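> Please see the structure below; I have some questions.
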Amino acid sequence: GAGGGGGGRAPARRAMAEPLRRRLPLLPLLLLAAGGLRAAERSGGSSSAMEELATEKEAEESHRQDSVSLLTFILLLTLTILTIWLFKHRRVRFLHETGLAMIYGLIVGVILRYGTPSTSGHDKPFSCSQEDRPFTTLLVNVSGKFFEYTLKGEISPGKIHNVEQNDMLRKVTFDPEVFFNILLPPIIFHAGYSLKKRHFFRNLGSILAYAFLGTAVSCFIIGNLMYGVVKLMKLVGQLSDKFYYTDCLLFGAIISATDPVTVLAIFNELHADVDLYAVLFGESVLNDAVAIVLSSSIVAYQPTGENTHAFDAAAFFKSVGVFLGIFSGSFMMGAVTGVVTFTKLHCFPLLETALFFLMSWSTFLLAEACGFTGVVAVLFCGITQAHYTYNNLSVESRSRTKQLFEVLHFLAENFIFSYMGLALFTFQKHIFSPVFIIGAFVAIFLGRAAHIYPLSFLLNLGRRHKISWSFQHMMMFSGLRGAMAFALAIRDTATYSHQMMFSTTLLIVFFTVWIVGGGTTPMLSWLNIRVGVDPDQDPPPTNDNSAQRNRTKQESAWLFRLWYSFDHNYLKPILTHSGPPLTTTLPSWCGLIARCLTSPQVYDNQEQLREEDSDFILNDGDLTVTYGDTTITANGSSGPHTATTNLDSRRTKSSSEEALERDLGAADHEVTSRGTRMLQLSCSAAAALSLKRGT
């Protein structure tokens, strides 16, 4: 029994041991696996730490490159300013500051393009054939970690291996929105804020004709000529992608934006003819606004048929409606924002200046956010604020705002021109076509001539002061292209046609700024245009004093005179501290409303506030003294006494007519000459008194 029992237990033990032996070899594997996991965790932790360290180094390197790129532009501006000082000291006028900035930008662009090595080569194309459109932001899963990528733009298949590998060149290539939202607003606002209203409104009709009709004519002439050039390029096999008629019109709108900053600066230095300066300045200011709205209207042109680039009457009239709607809406937004910019912080000029600055800049962004054009809005905001808000600022804030926007305008403009020179070598999507470039130069010349000479002929039919042939030739010569054309062209470079338009626009800006800007002084001499004239004074008086006194009054547009009467009598007393009290202009039954709306300072200021570009000095004919039967005027003439003197007749004039003559400078004279005239008046009166006593 015992043996049997022992033998029975032995098989049982063997049966239990077999599974144990089969499991024993797994223990070393489990131990190795556990050790491997711990080793993997340790190696994974070390690799993660290495990745974080590499990421920190890349962030630090990116920060350093950002600092170097900004320092590059600051050094460019510094070098430009020092060279400008040298040129002004040596009285060099063959090259303007904007041309200098472009030359320095070209030099730095060459250095960055050919003097710095490529620092990255990790670009690898991935296929997303399942998607039919690009995404603005992509989240890419790389080994379990998600990375965010943003859309930079389209790259043609032929240039897939020519993507920029130099991080430094990528850093100095700015987003086009930087130009529109940061650099353009101070340039455009300064143009409106520093506008000389006297000479502007004297030539208002001509300026509006050149800015609106001229820009539209130039756009369509250039667009149609360039469409013929594109057809020629397709015929000779130099067109490698699509180029539609609407693209040609868009190029016409972009390149029609004139920017004669070089010519105007030389005019200002030489004190060229004030009317020529006013027409050129006014045309360039409004021309930029018209060009950008016109380009928006062309982009909005969308025919309803299968061919989205064929002519469609409905789409055409829709584009016209878009043009009128955008322009009028932007104009109203800018004017209203400028009117409601109230500042009651006279005791704190710093806060007052800061509030004025922020309100001005927010006008541009508000218009863009509402679907309008910020350029138009900020332009008319500047004009409105110069007319109303400027009078309400403290003396210190007036000086600060003028200087602040002048400095911002100077820096922003030279920054853009420096970037133009840089972009010739750093921009990666250049397409230079010799046929298109030559055709563009011919088209802009013909487009400029086609609206300067015919419009001048039509305007001279109704102008008392004719636009001479020398003025017309100078205006034709002064059609430079600059910051606005560049900003419009660089805003959209996604397609083949837009890339070609941008490259051509860049070359046109270079040529006009260097060649045309440098030839301004010789052209003035060749055309015998007078220089050495104070832009704040009228031409020398003629023998007909009454005609000279009413020159501005007669040449001002009747619509402007109608508006000015309403503005002087009703708007200025409400919005500023100048103008007659509403109690004297409104009916008597509106006395309560008039007292509530009139600023208290209007009653305190017996003498109206003078604007910077106005001079409230009476005409020589207005200064008369009567003694007995003799009337003495300021010019020393005397005559028999009449029942009504000039001083009495002045009282019969309406206050708005007096203000119009004063504000528009119908008889502006230097302040220092007032004492001389009054002395002459006193001497004449004394002589007449002695003569009377002697008789």
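Think of each number as a place in line: the chain as shown, counted from 1.
For all residues, glycine too, the Cβ spot is worked out from N, Cα and C.
No curator has checked TrEMBL annotations; they are predicted automatically.
Per TrEMBL, the features are:
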type     : residues : note
SIGNAL   : 1-39     : signal peptide
COMPBIAS : 42-52    : compositional bias 'Low complexity'
REGION   : 42-61    : region 'Disordered'
TRANSMEM : 68-87    : transmembrane segment
DOMAIN   : 80-526   : domain 'Cation/H+ exchanger transmembrane'
TRANSMEM : 99-116   : transmembrane segment
TRANSMEM : 178-195  : transmembrane segment
TRANSMEM : 207-229  : transmembrane segment
TRANSMEM : 249-267  : transmembrane segment
TRANSMEM : 321-342  : transmembrane segment
TRANSMEM : 354-387  : transmembrane segment
TRANSMEM : 407-427  : transmembrane segment
TRANSMEM : 434-453  : transmembrane segment
TRANSMEM : 473-490  : transmembrane segment
TRANSMEM : 502-527  : transmembrane segment
REGION   : 630-666  : region 'Disordered'
COMPBIAS : 630-647  : compositional bias 'Polar residues'
COMPBIAS : 648-666  : compositional bias 'Basic and acidic residues'
> Pairs 6 or more apart in sequence, C-beta under 8 angstroms, 3 or more of them: is that satisfied by the transmembrane segment (249-267) and the transmembrane segment (473-490)?
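Contact criterion met.
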> Take a look at 68-87, 354-387, 407-427, 473-490 and tell me which one has the most Cβ pairs under 8 Å to the transmembrane segment (178-195).
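Against the transmembrane segment (178-195), the leading stretch is 354-387.
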> Hey, which bits of the same chain come close to the transmembrane segment (207-229), Cβ under 8 Å, at least six residues off its ends?
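Cβ under 8 Å, 6 or more out: 200, 245, 248-253, 255-257, 278-279, 282-283, 285-287, 289-291, 294, 435-436, 439-440, 442-444, 446-448, 450-452, 455, 458-459, 475.
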